[in-house]
Amino acid sequence: MDCSLVRTLVHRYCAGEENCVDSRTIYVGHREPPPGAEAYIPQRHPDNRIVSSKYTFWNFIPKNLFEQFRRIANFYFLIIFLVQLIIDTPTSPVTSGLPLFFVITVTAIKQGYEDWLRHKADNAMNQCPVHFIQHGKLVRKQSRKLRVGDIVMVKEDETFPCDLIFLSSSRGDGTCHVTTASLDGESSHKTHYAVQDTKGFHTEEDIDGLHATIECEQPQPDLYKFVGRINVYSDRNDPVVRPLGSENLLLRGATLKNTEKIFGVAIYTGMETKMALNYQSKSQKRSAVEKSMNVFLIVYLCILVSKALINTVLKYVWQSEPFRDEPWYNHKTESERQRNLFLRAFTDFLAFMVLFNYIIPVSMYVTVEMQKFLGSYFITWDEDMFDEDTGEGPLVNTSDLNEELGQVEYVFTDKTGTLTENNMEFKECCIEGHVYVPHAVCNGQVLPDASGIDMIDSSPGAGAREREELFFRALCLCHTIQVKDDDDVDGPRKSPDSGKSCVYISSSPDEVALVEGIQRLGFTYLRLKENYMEILNRENGVERFELLEILSFDSVRRRMSVIVRSATGEIYLFCKGADSSIFPRVIEGKVDQIRSRVERNAVEGLRTLCVAYKRLIPEEYEGVCTLLQAAKVALQDREKKLAEAYEQIEKDLILLGATAVEDRLSADMQDHGLIIDGAALSLIMKPREDGSCGNYRELFLEICRNCSAVLCCRMAPLQKAQIVKLIKLSKEHPITLAIGDGANDVSMILEAHVGIGVIGKEGRQAARNSDYAIPKFKHLKKMLLVHGHLYYIRISELVQYFFYKNVCFIFPQFLYQFFCGFSQQTLYDTAYLTLYNISFTSLPILLYSLMEQHVSIDTLRRDPSLYRDIAKNALLRWRVFIYWTFLGVFDALVFFFGAYFMFENTTVTSNGQIFGNWTFGTLVFTVMVFTVTLKLALDTHYWTWINHFVIWGSLLFYVVFSLLWGGIIWPFLSYQRMYFVFIQMLSSGPAWLVIILLITVSLLPDVLKKVLCRQLWPSATEKVQTENQCLSVEQSTVFMLSQTSSSLSF
């Protein structure tokens, strides 16, 4: 009996580590393991198809409708439309159905077109040809047909079709270079390493003969994390086990560079690749304007219900009088008389809800979305925010928060690369108390032109020479720098042997600065070749060190180490890191002198690192290898086990010295008020048993509020997010903005109300996870003071104006019920009810919300006080909202009663006829359309030909439409109650007089209020507007006088 299956299951589930849910097994080339090794357990995985689309041909209509009707406004109008279909209502179902249909159709067409483009892109990607190995031969097939376990060949400049484990390459050292610009925006070349036991397989036959299985974690979206191991079978039954990490993983979407070809095995395909998993969007952020808009909508829903309830009650009160419920001209049927009273009342209530439902602006949401989407292009088109050095411009990852840029109260910023230029310059190093400054102090000698440099002691003794060179060797070896050795693509080739002509590449600018600084002090790092690191010493001799292990840097340990073997066989561990992580692990060295120098440099704003080492005897090194190997091959909790191993290895160190690197501040950066480090912050934020944490936190919060700026040093990424959350959730609930340029800033960028990434030198993870991205920190000023200010002004007016014009629209309908016996008779024609929001008054406010500039851009940038003028959602506060609502009520009263009293008995046409019901409603509607449009014209400060065209064109369209609607007999209408009504109204002289008079009376209070407030209680914005107007008048006067004087002759 074959017990391999039992043995495999016992090993997998009872070893106390692996779990079938958390890991997967891949059989390389779909080859079963050798007999007796482990059981072959087939597994099902998705194919390599990428699906970025949301819809299919069959589910588009139901799925899209479901998504659209999840919005409360759309669902509300759907209910109203159904009520109109079910019961007898005063208005046609067309009046609510057509606007709803228009909104739904426009949105569906937009989303359908966008999804069609996604389908097109998916098909092009899924049908790309891919080369893979089958029976020792190279076969070509479509990318979508790839399966997990296939061995793939990728050539130079091709993109990887799926996530691959790197098996071998055309390079002799088993490396390859890739770029990941399509994944994280980083264009620099990254080096990946083939599996040690397979890097010698260079032909299709060799690869096809490989017997191996891969155990790895289930798919997860982190681009920079991978945990796995490979079991390579040879003639023996016991496989060779090698750890697999992110350095062995080639991601889909990355491009092969400077390498002829590579072979890899597919481990994640299709929608399980890391690229596909990163398609998922971040959590939705909502702006303060959107929240206010939803609150206002609820208020208007309450007003709507109140109106319907009041009219329902008054209807039955009015009908309680004799003969009013059943007048002689409208007798009820017997079934109507027997109908339940409560059922009749509920039906009437629904009918009034339908009659007044237009107070809810269904088209407002569409207009807001269009305004945000189109308005976001003004940021991307801004030439002032384009950086010519990098060729980068601003990016908008979400347009939902445009107006939030105008409400920011607290800015949280990363320092390195954000406030600073991220151009590192090596300033000095301190070795056992002796200061070394490139080109100033070297080897104890003060060089010319170096006077005034502060030195502790520049005369090391003879015994310190060994430690000095050991320090320089440590900095030349303890890093992850690559040397460009093949620049045929990017430029001429540069030989590392030529000394200072080396071109260093690293993800960390600090490492490059340190290696270049040590180069100026006599030691040059040459290359990493066949696992040997070569350096050039002061005597121009090449020293070779075998690279045994790299203990990678992480933000928790805040240090990194390498273990190397010298040519003489000595094994060294070199460690560099933050002083807080090095000093506690040191048992020897001049700690006090070096600590003093580090603190002095830190106060001056320099970036400091400490360097330490220890020698390992062979027995110690074997123990280190065993400890690291056990942690590296672990599939579960590998990071935790590695951290524990590093903690045991990096101890009992000998301190060598410290370095200081300068990262200059960007222009216009000011000093800071409060300085606090990460350790102190941990004490403040950490809960205590006695519950005193809250007191410390409140005290810290109060101190921060009273400082103009706060500088937090040496913070972990999580601490950055905690600071943002602390301020964000304080009792004032201020709007926060976080800006950074590195992966360690992502947490605070996601935590803040608005996240901005700087497209800097630390990769593009911050830019990818942000709401907006800018090339330089200095561009933040215009982003907030100009774009944010204007976005907020525009959308605030849009929201208030929509509610205002709908109050003007529906309140006369409410008043009309008092004069028609609460019979639910409509005041306006069906066409006017339908087109008011989607045609007659929609374009002017949309254009206003895109182009309005109440103050010039230069003034906004020059005067930050204008930004404070709109802080805390100033234009959408309850006081302003109530003013706009009452202004709409006042205008509605003027429209209705002005027309009613002026023409109650006197209004006649030229042939002596009295105006009828539809003429009265058309008169009110005409005054209303002109008033709300002219109200927007009065609020407009920035006039262009487009404004004139849209505003006056909208009024002209209304007039032309009314003439055509009432001047032609339309065959599709069963009855035409508006025939000749508009023309008859315009033929009356008194009607013209009333239209002009009512428009003037309606606009007058708002004009007077603005004039009085500007004179008596002017805001900062109004003061600037007045100054600009006065300046413009003075300039015009001077110009006219100069022209006049030049024309005079004496």
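A Cβ is built for glycine as well, from the same backbone N, Cα and C atoms used for every other residue.
Heads up, TrEMBL stuff is auto-annotated, nobody curated it.
What TrEMBL says about this protein:
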- 42-96: domain 'P-type ATPase N-terminal' (DOMAIN)
- 127-191: domain 'P-type ATPase A' (DOMAIN)
- 767-1019: domain 'P-type ATPase C-terminal' (DOMAIN)
- 69-87: transmembrane segment (TRANSMEM)
- 295-318: transmembrane segment (TRANSMEM)
- 349-368: transmembrane segment (TRANSMEM)
- 881-903: transmembrane segment (TRANSMEM)
- 915-937: transmembrane segment (TRANSMEM)
- 949-973: transmembrane segment (TRANSMEM)
- 979-1004: transmembrane segment (TRANSMEM)
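Residue counts for the domain 'P-type ATPase A' (127-191) under DSSP, split into helix (H, G, I), strand (E, B) and coil, are 7 helix, 37 strand, 21 coil. Highlighted: of the candidate stretches 295-318, 349-368, 949-973, 979-1004, 349-368 has the greatest count of Cβ pairs under 8 Å to the transmembrane segment (69-87). Non-local neighbours of the transmembrane segment (349-368) in the same chain are 71, 73-74, 76-77, 80, 83-84, 87-91, 96, 99-100, 103, 106-107, 293, 297, 300-301, 303-305, 307-309, 311-312, 795, 798-799, 802-803, 806-807, 809-810, 813-814, 817, 824, 826, 833, 836-838, 842, 845-846, 849; each lies 6+ residues outside the stretch with a CB under 8 Å from one of its CB atoms. Residue counts for the domain 'P-type ATPase N-terminal' (42-96) by DSSP state, with H, G and I taken as helix and E and B as strand, are 27 helix, 0 strand, 28 coil. For the transmembrane segment (881-903), the neighbouring stretch richest in Cβ pairs under 8 Å, chosen from 295-318, 949-973, 979-1004, is 979-1004. A Cβ distance under 8 Å defines the sequence-distant neighbours of the transmembrane segment (949-973), meaning residues of its chain 6+ beyond its ends; these are 829, 831, 835, 839-841, 843-844, 847, 922, 926, 929-930, 933, 936-937, 940, 979-983. Model confidence over the domain 'P-type ATPase N-terminal' (42-96) stands at 83, taken as the mean pLDDT rounded to a whole number.
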